[in-house]
Amino acid sequence: MAVILITGGARSGKSRRAEARARSFAGQPVYIATAEALDAEMAERIAHHRARRGTDWIEREEPLDLVQALTETDGGGGRLVDCLTLWLSNLLHAERDWSREVAQLADALPRLKSPVVLVTNEVGLGIVPDNALARVFRDAAGIMNQSIAAVADEVEFVVAGLPMKLK
């Protein structure tokens, strides 16, 4: 079993890289989407990702209960979670204990049988956000990324479509 974390900036090529990694494992790949189409821009983004992936994926939408989704899809082909930062945002908006949820995910990942590729965003590389909610999100994302990277077998940072191996 492999846990692979792929991080990078917006539109850096993370999802395309993650799709290729998830497809490299035997069995039918499973796409676990954390995004919700709450506006036209997000609906368009989701449609773009679906069109690029094609129809050979099993799709599951899970904006909050990620550990449950990973457990229920365990035992088959490679799984792709896209993305952890949207999942974190969903947890914050739902006023759930994000640190507990991240700890549960970090605990569950090494015990899964099937490979999993997780996409996240590296949001802490820019300027300090000007509002408290954005600073909370940035800090939480940094903590989450460190927690998942610690249990991952491999970590890649994607810049301009090019992966750099970190772990």
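Cβ atoms are placed via backbone N, Cα and C, with glycine included.
Automatic prediction, not curation, is the source of TrEMBL annotations.
Taken verbatim from TrEMBL:
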BINDING   8-15, 33-35, 50-53, GLU61, ASP82  GTP binding site
ACT_SITE  HIS49  active site, GMP-histidine intermediate
Subject >> DSSP-derived structure type at GLY8 (GTP binding site), helix or strand or else coil >> reply: strand
Original post:
Including all protein chains displayed, how many Cβ atoms other than that of HIS49 (active site, GMP-histidine intermediate) lie within 10 Å of its Cβ?
Top reply: 16
Original post:
What binding-site residues among GLY8, ARG11, LYS14, THR34, GLU61 are found with a C-alpha within 10 angstroms of that of the residue listed as 'active site, GMP-histidine intermediate'?
Top reply: none
**OP:** Indicate whether THR34 (GTP binding site) is helix, strand or coil by DSSP.
**Re:** coil
Original post:
Looking only at ARG11, LYS14, which of these binding-site residues has the biggest number of Cβ atoms within 10 Å around its Cβ?
Top reply: LYS14
Subject >> All-chain count of other Cβ atoms within 10 Å of ALA51 (GTP binding site) >> reply: 9
